[in-house]
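Only one structure is covered here, and it is reproduced in the block below.
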Amino acid sequence: MALVDTCVPDNLTVEQLRTIVSDAKNYALSHGLGLRVKENPNDDLLQLLPISLFPTPFPRNHFEFAKCIQTSVNKMMHKIAFDNSFLSDHLKQTVEVDSFTKSLLNVHTRVLKEGRSQEISLGLFRSDYMLNETPEALRQIEVNAISVSFGGLSQITSNLHRYIMSKYNPLPNFHDALPNVNTSSKLAKGLAGAWDAYGKSSAVILFVLEDVVLNISDQRYIEYSLFEMRPEIKVIRKNFRELPEITRLRDNQLLFVGNEEVAVVYFRTAYAPEQYDSRLWDLRVLIEKSKAIKCPSIHYQLAGVKKIQQILTRKEVLDKFIEPKEADAVYSTFAKIWGLEMNEEGDYALELGLNHPEAYVLKPQREGGGNNYYGNEIVQTLTSLRQSKQREAFILMELIKPRPIKNFTIRHSQEVTLTPDQVTSELGIFGVILGSENDFKLNYEAGYVLRTKSTSVQEGGISSGFGVIDTPYLY
């Protein structure tokens, strides 16, 4: 199919636009495409999740390639996670300057020393990509290893855009251009597989939650998909901070929350330092030592830190973990990344960032949106850290520059103007892997989500307020 510039119809009037926006909002809220209200989070209120009004064009060949390599990405993460010496060797400098990574590694080291009762881990990953415009190339932004979001809502978003296109802009073959997706069911299948591997029908799956859950629909759709698939599996939901008082290890390292034996622990929090205190670090150790299957285990979470991503851009390192053909395919998506160690290579990277800040993004060792530095922020940060070992807590990554595309972004209580936004998109491909070090029980690609943002902002996280959920229109 030829290049598609936009899915926005030509010559929209104000009245036509208002009608389309109203239809999109009503469809979204009628199907649970929403968030809790930040100012008043409770079970009685749901507001619109930020959405794009129309799908956004994305090349089919790059979309299919990203899906095709996801099982290799899953395997790469799995193999890294089970290589204890690799993790400790390559994070030893980072942990000197990044207290959160240090705490994660301390949990891992302590569990290895005291004994781990469960060798099986479950990974629900999301590998994020952007499409660079010149030269056209798919570039991996990161692999998210914990609390990956919006898999529960991608199918509803796709259905929304199918409805809007059918009613207001029925381009030729548009049904084929909007890819089918059932990510919530595929993620639920991974949780069910872990529950089966645990092997006790009375045990439960524990969803570990933030203090205030705003992204409620995303989480609940995965839970409800699991119920529809396997109604015999019981799910319990608990806030991270309430668990220390009610969580215990019993005989044979069985994990109990109250009187419920836990088969699978599914973290939808625990990815940022502010989500922990000393009690919760002790709790994380207790969970990791238990017989419950963790999603993710602590070593999966460590495999996802930015420093490991930077080390993998050395092809000879990547080749250790997956087969040559797989490594070639995955490596072809890697952006250029530099460490900022206190050595000649680190000094070179620092000067790159200082002299050409518009060409790079500075990233700390964090998951979740809103943590990165761009433009003048890079100059300010690197100038202040030039002589400090603290700079080793960051990586410098080339900035991907996608082709801007016209679309409308819709948010709660915001009026839409007749002038479309210029937007860029980030494609997330979900993956599921379940297994012990050398035995994969599951390994599959699990669908997609497209997140889109205005070119006027740098960050693209939906939960952090920058982006909208979207659907690719494949051409």
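Cβ coordinates are placed from backbone N, Cα and C, and glycine is handled just like the others.
Residues annotated as substrate binding site in TrEMBL: ARG126, GLN219, ARG451. Take the CB of ARG126 (substrate binding site) and look out to 10 A: across all protein chains shown you find 25 other CB atoms.
Per TrEMBL, ATP binding site is recorded for GLU142, LYS306, 363-372, TYR374, 397-400, GLU426, LYS453, GLU459. According to DSSP, GLU142 (ATP binding site) sits within a strand segment.
Cβ neighbours of GLU142 (ATP binding site) (same chain, under 8 Å, six or more residues apart in sequence): SER127, ASP128, GLY304, LYS306, GLN309. Feature annotation from TrEMBL assigns Mg(2+) binding site to GLU142, ASN144, GLU367.
The domain 'Glutathione synthase substrate-binding' annotation in TrEMBL covers 203-303.
The CA atom of GLU367 (ATP binding site) is located 12 Å away from the CA atom of ARG126 (substrate binding site).
Among ARG126, GLN219, ARG451, the residues given in the record as binding substrate, the maximal Cα to Cα distance rounds to 17 Å. DSSP assigns LEU399 (ATP binding site) to coil, not to a helix or a strand. Using a 10 Å Cβ-Cβ cutoff, LYS453 (ATP binding site) registers 23 neighbours. Within the set of binding-site residues (TYR374, LEU399), the lowest number of other Cβ atoms found within 10 Å of a Cβ is recorded at TYR374. By a simple count of nearby Cβ atoms, those within 10 Å, the most crowded of the binding-site residues GLN219, ARG451 is ARG451.
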